[in-house]
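Per TrEMBL, the feature S-adenosyl-L-methionine binding site maps to Y40, G65, C66, S67, D90, N91, D118, I119, N133, R199. TrEMBL lists 63-159 with the feature domain 'Methyltransferase'.
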Amino acid sequence: MNNLLDRIYAEPHAEVSGFAFDDAVARVFPDMIRRSVPGYTTIIPMIGIIASQYAQPHTELYDLGCSLGASTLAMRHGVDQPGCRIVGVDNSDAMLERCRKYIDADSSSVPVDLLLDDIRSVPVANASVVTLNFTLQFIPLEDRLALLSQIADGLNPGGVLILSEKLVFEDGEQSVLEELHYDFKRANGYSDLEISQKRTALEDYLVPETLGQHRERLLAAGFSRVVLWYQCFNFCSLLAIK
Ligand SMILES: Nc1ncnc2c1ncn2[C@@H]1O[C@H](C[S@+](CC[C@H]([NH3+])C(=O)[O-])CC(=O)[O-])[C@@H](O)[C@H]1O
Ligand SMILES: O=C(O)C(=O)Cc1ccccc1
C-alpha cells in the first residue's frame, strides 16, 4: 500500500464541491480510509476470517465497491476451498486501475476478475461470500433494496453478505457517537477545517441509515439472519446469512 497523506480538505475551499472517487482521492485512499473510519483496520483482516469460514468450493466471492482491493485481498488470502474465484467491482476508473496493480503484485493464485462497472448492474450468481464494505451508503436509497435482493438471490444456501456501513442513531445517541468519530479523526491528525469541509462534501452522497433500517431491509431482501459482528462508534459491520 502507498503512504501518501490525505490533504484533500486541508486548505480552505471557497466552495466545497461534492465528494468523488476521482484520481486525487484514489491516490491517498489507504491513508484517508484508515484515518477516517474507526475500525477499518480491524474489519479488513476479519473479512479474511469470515471468508475463510463461509467460502464454499467452486463458488464466486464478490467484493462490490472494491476501491483498491483491500477486502478483495483479505478474501483472497482467507479462502482455502478449491475452485473459488473472486470478482471485484468498482465504477471508479482511478480506483480500479490502482486496484489491478495491487492484485497483480500479490502472490496468491486464487483467480481475481476486476470489473469497471456499476454494482447495480453486475449479476451475482453461484456466490458464497459477498462483501459491501462501506459501499451501500453511496447507493441511492431507492436502489438499495433491489441491490440487496439481487445479492440474496445470487447467494447459495448458507452464503453470506458482509455489510459494513456508517450508521445514524436516534437523537441522544447520534451526537455522542458522531462527536467520538470526530475525536477519532482529530486524533489521526485531521483539523476541524478538514473535518467540516469533508462533512459538507459528503452531504447527500454518503447517506447513512439506522441499524434497524439495515436489519429490516436485509430480511425483506431474503436473508434469514442478520448478525452485528462489529461496531465502533457510528460504524458497523453486519453478517447477513442467506
Ligand atoms: N454504484 C457504484 N458502483 C460501483 N462502485 C461504486 C458505486 N458507488 C460507489 N462505488 C465505489 O465504492 C467505493 C466506496 S469505498 C469502499 C472501500 C473498500 N470496499 C475497502 O474495503 O477498502 C468506501 C468509502 O470510501 O467510505 C469507492 O471506491 C466507489 O468508487
Ligand atoms: O470521513 C468520513 O467522515 C466518513 O464518513 C468515511 C469516509 C471515508 C472515505 C471516503 C468517504 C467517507
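In case you wondered, yes, glycine gets a Cβ from its N, Cα and C as well.
Quick caveat, the model's predicted, so the values are computed rather than measured.
Everything TrEMBL records as a feature, shown here on the structure.
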residue	record	Cβ contacts under 8 Å, 6 or more apart
Y40	S-adenosyl-L-methionine binding site	I33, R34, F134, F235
C66	S-adenosyl-L-methionine binding site	T72, G88, V89, D90, M95, L96, C99, L114
D118	S-adenosyl-L-methionine binding site	N91
N133	S-adenosyl-L-methionine binding site	I43, I44, I47, D63, G65, A70, S71, I162, S164, S237
The domain 'Methyltransferase' (63-159) - residue tally per DSSP class, helix then strand then coil: 42 helix, 25 strand, 30 coil
